[in-house]
Amino acid sequence: MLLFLIILLPVVFKFSFVSLSVLQGWDCSEGSSSGKGNSTCVGPEPFLIFSHGGSIFRIDLDGTNYEQLVADAGVSVIMDFHYYKERLYWVDLERQLLQRVFLNGTRQETVCNIEKNVSGMAINWINEELIWSNQQEGIITVTDMKGNNSRVLLSALKYPANVAIDPVERFIFWSSEVAGSLHRADLNGVEVKILLETSERITAVSLDVLDKRLFWIQNNRDGSNSYICSCNYDGGSVHFNKHLTQHSLFAMSLFGDRIFYSTWKKKTIWIANKRKDMVRINLNPSFVPPGGTKVVHPLLQPKAESDAWAPGQKLCLRKGNCTGSVCEQDSKSHLCTCAEGYTLSPDGKHCEDVNECAFWNHGCTLGCENIPGSYYCTCPVGFILLPDGKRCHQLISCPSNTSKCSHDCVLTSDGPICFCPEGSVLETDGKTCSGCSSPDNGGCSQLCLPLSPVSWECGCFPGYDLQLDKKSCAASGPQPFLLFANSQDIRHVRFDGTDYGSLLSQQMGMVFALDHDPVENKIYFAHTALKWIERANMDGSQRERLIEEAVDVPEGLAIDWIDRKFYWTDRGKALIEGSDLNGKHREIIIKEEVSQPRGIAVHPMAKRLFWTDMGINPRIESSSLQGIGRRVIASSDLVWPSGITIDYLTDKLYWCDAKQSVIEMANLDGSKRQRLAQNDVGHPFAIAVFEDHVWFSDWTMPSVIRVNKRTGKNRVRLRGSMLKPSSLVVVHPLAKPGSDPCLHQNGGCEHICKERFGSAQCLCREGFVKAPDGKMCLALNGHQIPPAVGSEADLSNQVTPLDVLSRNRGSEDNSTESQHMLVAEIMVSDNDDCGPIRCGTWGQCVSEGENATCQCLKGFTGDGKLCSDINECGTSTTVCPPTSSKCINTEGGYVCQCSEGYRGDGIHCLDIDECQLGIHTCGENATCTNTEGNYTCMCAGTLSEPGQMCPDSTPPSVLMEDGRYSVRNSYQECPPSYDGYCLYNGVCMYIEAVDRYACNCVFGYVGERCQHRDLKWELRHAGQGRQRQVTVVAVCVVALVLLLLLGLWGAHCYRTKKLPSKNLKNPYEESSREVSRPTDSEAGMASCPQPWFVVIKEHQNLRNGSQSMALKDSEAADVSQFSSRETGSVQLPSRRNEPQVYMGAEQGCCIPPSSDKGPGPHGMQWGFHLPSCEAQPIALGVEKSQSLLSANPILQQRASDLPHQKKLTQ
């Protein structure tokens, strides 16, 4: 029967996003459990009970724990519960029975027979009474919880139908369906009052015992329209929610801000917000309409204040081992009663443990050990305890494990019996062991704490609270929620499907990679179509591009919230890169032996990276954060390993294979690999884990699926207008342990910030108290402390990222349509009402009674059966300006890729003013002029090429004192959050024209954030630098040469002054001796350099030629001997009669001049040999020449022919 219901009657939940519910933080009340240590009081999760097709089911509001409580309940549309007795009561109208069962589905029993025509029932949980109405007889009857002592409370009523009571206010309410009226009386049956009368039918009533309001369902007479109405307990302040729904409403229940109601026509159960007129959840049992519906939670049955014990009556003192159900108050006698295993102390105030082992009635065959409230049997070495927990048997192992025992088998006289290790017990199947020493961890979701060899209890890690089932652990603090990339937008949704909406949707193109930073509360995501990586606040504001260049196909991204870095995979470039959270210090982590990386996860505590590779050698790999120490985690039985995540509490690795449709898990080193789910997971892309569940996205049926992280069971599918749900992120202070929000802006606290379980708690200094916002501090100043102000902040009251988002959107009137129209649907099975119609991934099936059609998603079109993508770029309408951008079609949308010289947001492209932003390449002395999509450079009124240098006559006018480019207009400064945004001393400014933040860069840097070097500028200035270097080198060489020449000239002057003292001989005698030995002088010419000598030349006019022709040949020959190899001479030009001196510099030994021919008949040469073998440059004046002539008669004779008015000059 149960299998039949699961297959044919799937239950479907539909949700849309809501504001905060009262579930975020409950006050500690009776029935709620308190956490350990300093954790706050935590209430249990509410769940729903409803009747359906002759059975009664229960299910959590998030779609999990869907169970059948009663298989054969009959026609049971009337039901109620007693929370503190943990009982469910219902009326079987067909058998005329009042029945009950425990809330866990055990111990079903009949309470009593009941009359016909019972139309309503309610439980007085304070007075322990049952109240029901009989529409046919017009009476309301009261009885005790066992069906005894019945009495008529009210009679002579007009068709009383539905009944509701508030035992705290001591009121009973009922409706008259025929008369269309509402009534009220006290619980004594007096003070009857008519609250409302209408001509329409009233089909259901329910109470909000917290807000003290009465709700009812009102239908028009033909049943076409239904709506929910409410009023206060006096019948005033009536509110009609006519636009809540158009379906035929039937049953109703309330909890907090939500209304649970069932419908006839749609055969569904919905949840709506009772104040905002918005539908929230849809339960879809396909064929049979649901009956009674009740939400179960202790807040729905509060205790009355008058029920509190008097000081002298509060006798039950809880201390020591007196916890949980050990001490119980008897509601009538106000005395303490003790649980099994305890006895009341003599003073009647305490419960004391009973030592069962001392009374010899324990039944143990060999040994007994007492523990508080119980005992257990023990066995000596060599014996094992049989499954009955009493008998010991010698350990004789079975020859073969034919019984398929999960642990081991022992041979007994009754045959082979399975037994379990110490700390575990045998399950009812007789084969499986359960306990701390068994694979199921004793059923505990986190910690299993042994109490005895056969008993244990479950515990939780710090920051988690044990739930009422004493097995599951839930994170304390705010409600967690999911962030996921949906290709064309980023969405958020709570685990129960509420608060479902779009976070970022403005022309996202294609986004697959996503992660969340819990410290700064920002999201990081990568655009596959636009090819950049950016971040934004949780409300979608302050979007910043971090990585814009050299990005191809980024499909995975992970934040290191401890070391403040992020890493991403690029499947197109086949590498893994990393950067700090501001986009600085980008580096390649993995580039060798990687083919198609996709998913990536980081373990900050272990300092390791984990990623998936979908390439030719599919595998799961790991490395250090620097890319070294690579290790293969898994390489076998993989095809397309896609998403990967880490359970930081248990150090387990989870991944999914998109091709094989499997979910797997293993230790961080790859050991203990286990397949968690298979075949029913579709095409998984990404995966996330938190608390007891693993979430993964599915592309086959666009949705998000959840399974138990240990067993892979209890699968729930969450869907709703999804395109391609990709990366998944759980947002909660404990989702990424070790994060300290106090590190960023002091956690938002004015005075003191204290981190506790990933949340920031604000404290105030002495003399101050916290303001109601929990962040600011108020001075006492002798005034009374404001209400709701304390010194510590409860985790349950912490402001979450989604809280801020909800408040911001609640205050906005221009919320997008998609944010209001998104509706999520939770499916317990994959079956729906669409039957054979399959809409594919681009459409969603919508059932209307017997018909079902495909409703295409936004950006797609279809014929009711199939949907296809609309190519916006191929339409006649120009969606992207062709002059400034290029249109790129994506699934369900498009993006505008800006051309060079433009910048945009994926829709609009605006011209970049390169001149203002300082990203042009005009020369230092050039004037930059912005143009559409480009710019021009002016050099003294003449156009020049970008990068060309202008003459120095045009001084630069765009450089400020700090080395930055000046701008023509004044701009707003960037907010403090942009500190460090501009790199390399750039200045951040806000440009209103493009609605962007930009950087004013210093010379040599360009880019949006001044992150790139200006290569053209560097090359240009490098060329100028080389020219300057060559000039400097040339100047240095010239200077050195000049210094060398100056040194030589100084040495020459010095030796010239020293020459007279060293050279005392008569120069004529020396020269006459050399003249008499011409042969020797010629022989010596080869080894000695030419000596210094003087040649006196005279050139006369032709009119005086007789004198020169009168010379004898012998005399001419004698003179010609002094003219050989002259290096210096004095010429006496005949035309200007000015002697000239030519000086030589060769030194060595004394060499007589060789004979050489003179200049001919027009002149003659006179040579004077300097007699010093160390000849230095000397000057010969007139006096010196006369002395030489006087010493030589021949020279004197020949010199007499020269004109006497001619002067010798140097």
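Cβ atoms here come from the backbone N, Cα and C positions, even for glycine.
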Partner cysteine of Cys898 (disulphide bond, per Swiss-Prot) from Cys896, Cys909: Cys909
Candidate cysteine (Cys322, Cys327, Cys351) that Swiss-Prot pairs with Cys338 in a disulfide: Cys351
Partner cysteine of Cys742 (disulphide bond, per Swiss-Prot) from Cys749, Cys753: Cys753
C-alpha spacing of Cys974 (disulfide bond) relative to Cys845 (disulfide bond), in angstrom: 48
Cα separation, Cys1010 (disulfide bond) to Asn925 (N-linked glycosylation site) (Å, whole number): 21
Inter-residue C-alpha distance, Cys873 (disulfide bond) and Asn934 (N-linked glycosylation site) (nearest angstrom): 25
The repeat 'LDL-receptor class B 7' (564-606), counted residue by residue under DSSP: helix, strand, coil: 0 helix, 23 strand, 20 coil
Within the domain 'EGF-like 5' (738-778), residues counted as helix, strand or coil by DSSP: 7 helix, 15 strand, 19 coil
Closest of Asn148, Cys420, Cys444, Cys764, Cys928 to Cys937 (disulfide bond), Cα positions, recorded positions only: Cys928
Cβ contacts under 8 Å made by the repeat 'LDL-receptor class B 9' (651-693) with residues that lie 6+ beyond its boundaries: 64, 445, 464, 472-475, 480, 482, 484, 495, 512, 599, 601, 603, 606, 608, 610, 612, 620, 622, 631-634, 637-645, 699-701, 703, 705-712, 715, 724-730, 732, 735, 830
Other C-beta atoms that fall within 10 angstroms of the C-beta of Cys974 (disulfide bond): 17
Between Cys444 (disulfide bond) and Cys433 (disulfide bond), the C-alpha gap once rounded to whole angstrom: 14
Neighbourhood of Cys420 (disulfide bond), C-beta criterion under 8 angstroms, separation at least six: Pro387, Ser406, His407, Leu426, Cys433, Ser434, Gly435, Ser437, Ser438
Confidence summary (mean pLDDT) of the domain 'EGF-like 5' (738-778): 84
Of Cys379, Cys764, Cys845, Cys922 (the disulfide-bonded residues), the residue whose Cβ has the fewest other Cβ atoms within 10 Å: Cys845
DSSP helix/strand/coil residue counts for the repeat 'LDL-receptor class B 9' (651-693): 0 helix, 25 strand, 18 coil
